Every structure is written in C-alpha cells, then in structure tokens.
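Asks: What follows is a single structure, and I will ask about it in a moment.
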Ligand SMILES: NC(=O)C1=CN([C@@H]2O[C@H](COP(=O)(O)OP(=O)(O)OC[C@H]3O[C@@H](n4cnc5c(N)ncnc54)[C@H](OP(=O)(O)O)[C@@H]3O)[C@@H](O)[C@H]2O)C=CC1
Ligand SMILES: O=C(CO)[C@H](O)[C@H](O)COP(=O)(O)O
Ligand SMILES: [Zn+2]
C-alpha cells in the first residue's frame, strides 16, 4: 500500500513523498486526525539545529504529538475506528533498569525516523493507547507533551527527599503550565510557585500558589525543589537562579532542551549538595498513568483546554506551512493541525 508522507526537506520547505507501506499481521495502521506542534518540530522547521544534524536527519516527517483512528488491526487489539494516542518512542529492546525512552537503541518519530505527518502511521499495537471516551480531541492531541511532565514528576518522586513544601517551576510556557498543573494535582499538599518573564502568561496559572517575574524574585524566596521548563539560551540563567533559591539537598529536574551547553554554578551545586537530573520523552507506562489521571481528575483536562491555541485545518503542504508559521507567532498555547478528518 502506498503511504503519503509529508517530509521537511530543508528548513521551511515541506515536500510530499510516497512510500511503500508493507501490510503484515503484526502491525496496526492508524489514520492520524489531530497533530500538535512541539518546540522540537520548530527547531527543525526553522533550521535552528546544527547544519550537520539537519543534513543527517532531513528529509523527515515532523510531529510526535498526535492522535488518530485505527483503520486496520490484524492483531485484534483494537476495534476499527477506535481513537488512540500515538506513542512516538519506538524501542527495539527491553531492559530491566533503563526505561524505553532512555535506551540508546530506541528510535523516536520526528527525530530519528519519520514523524506523524503522514496519511497512515503503522506500528505494533503497544505503540497506541486507547483514549478515554469523550475526551476533548484537541487536548488529547498533546498528550505526548503532558506525558513528558508526568514522567518527569514520577522520576522526581523517586529522586527527591520528602520535604516538598514548596516546589518552583521555571518557565511560563506550555511545558511550565503542564508541569505545574500536574504537580498541583499529584502533590496537593505542596505549594507550587511559577517563575516566568511575561505577566500576561503568568496570569494564566490560576491554580498556582504564587507566580513571580524572574526579574523581581523576593530576596527571601526559598524553595525545596524545582523544575526547569525553559530550554534554549535562557536555560542557564533559569538553572542558576534555581541554584540560588533552592534549599540545600534540594532536587532540580531539568526538562528544557538547549542546543548549546548551559554553564551552571557547579560550586553551589556542590556546597548545597544538590541533585540535578534530566528527563526526556516518555514511555507507554507514562501514557497509561496519565490517561488514568485524566479519568480520575477530569478537571485536569479542563485546565489543559486553557492552552489550546490555533486549530488549523490542514490538507496540503501549504496548510502545513501556514500552521507552522502561525505557531511561531503565537504568544502561548499549543497549535493543533486538524488532519485527515
Ligand atoms: N524534555 C523533554 O522531553 C521535552 C522538552 N521540551 C523542551 O522544553 C522547553 C520548553 O518548552 P515549551 O514550554 O513548549 O516552550 P515555551 O517557549 O512555550 O516555554 C518556555 C517559556 O520560558 C520562558 N522563559 C524565558 N526565559 C526564562 C527565564 N529565565 N526564566 C523563566 N522562564 C523563562 C519563555 O518566555 P519567552 O517566550 O518570553 O522567552 C517561555 O514562556 C523547550 O526547550 C522544549 O524543547 C519540550 C517537550 C518535551
Ligand atoms: O520534544 C521532545 C519530546 O517531546 C524532545 O525535546 C525531543 O524528542 C528532542 O528531540 P530532538 O533531539 O530531535 O530535538
Ligand atoms: Zn516534543
């Protein structure tokens, strides 16, 4: 069967490729319906990655956040028409210690293989998770991003000491919003403070116990632990500010992606005995845990509706380009492409 794949050929230029998709009795085929744009996609689209990386990876279909409908399942796992979230991580081995998203052998859609911008997505059944009935499909489209926060928070619970009275989240963008919202839900007794740069964005964090502009942090601010959700060139400033505000023996969870090494105040990391850990991507168990949280706390999905941005009907390369350009110029929120519906 012939599949239409919408690949980024070079920065700001998509092209259509037709690829043979071999149908077998092991793999499910899903028709993607809503696709959400991630910062990582924008780095490829805008050519913000190193030239050598772009040369290695392109042409490649972008998008690793999305949902779709099952159209073929020889394994009998799903009924035809079932709405599923697609898992972009593609492990090829299992390990008792190392999670699927950290195995160096795993592939990842829209990073080391084609992403979801295709007419059909094919994978073994455990790369799809059934969505709860009636869930807002646009919010469901960015489940992958939310699963990254869920994953990082669960690791934080393993790595951090138990005094979690005040947790700071640096970053007033989408990942900061999602991480602080899940922290509030998963650790209801902790105070969650958000540290950002734009008053307008900070005012959206209505569930938080406090919001602060990073240029006006009170001199006596002290936090037990922190999450960095900034990335890019500002990550270093954010991490160093965290190091200044955090109590000794606190834990810092790094989530932001930076192209260049971020210098940090290691002297103070040592003096305060801090633990710093990074998290990237997520695995099937994170999706399952998160969807269960959605069912138990439907208000989480309602809060996630606050970061719905533009919804763009997409049929061809021109529409895809328009969606990516709109996403660049947004103030906040997730841009979702309505695809193939
Ligand atoms: N680890 C993982 O698996 C994942 C990592 N990411 C990464 O996380 C990062 C954030 O993603 P996302 O939320 O979507 O991006 P956003 O751009 O929406 O969020 C970053 C926010 O941080 C703000 N900011 C800038 N400087 C500072 C500062 N010094 N202190 C606090 N906040 C600051 C930005 O403001 P302004 O826009 O005004 O500069 C922006 O609002 C990206 O690097 C992304 O690639 C995303 C998904 C998964
Ligand atoms: O967004 C992400 C996960 O949701 C990660 O940032 C992304 O996987 C990083 O990939 P790449 O190395 O291709 O930038
Ligand atoms: Zn992403």
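Placement of Cβ uses the backbone N, Cα and C atoms for every residue, glycine included.
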Asks: Looking at the Zn(2+) binding annotation from TrEMBL, with 38, 64, 65 already listed, which candidate in 100, 119, 144, 162 is the matching residue?
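Replies: Matched candidate out of 100, 119, 144, 162, per TrEMBL for Zn(2+) with 38, 64, 65: 144.
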Asks: Just going by other Cβ atoms within 10 Å, which of the binding-site residues 65, 144 has the emptiest spot?
Replies: 144
Asks: What does DSSP assign residue 65 (Zn(2+) binding site), in three states?
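Replies: Looking at the DSSP assignment, residue 65 (Zn(2+) binding site) belongs to a strand.
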Asks: Is it possible to list how many residues within the domain 'Alcohol dehydrogenase-like C-terminal' (220-295) are helical, extended or coil according to DSSP?
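Replies: Taking the domain 'Alcohol dehydrogenase-like C-terminal' (220-295) as a whole: 33 helix, 14 strand, 29 coil.
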Asks: Using DSSP, what is the helix/strand/coil residue split across the domain 'Alcohol dehydrogenase-like N-terminal' (25-132)?
Replies: 17 helix, 36 strand, 55 coil
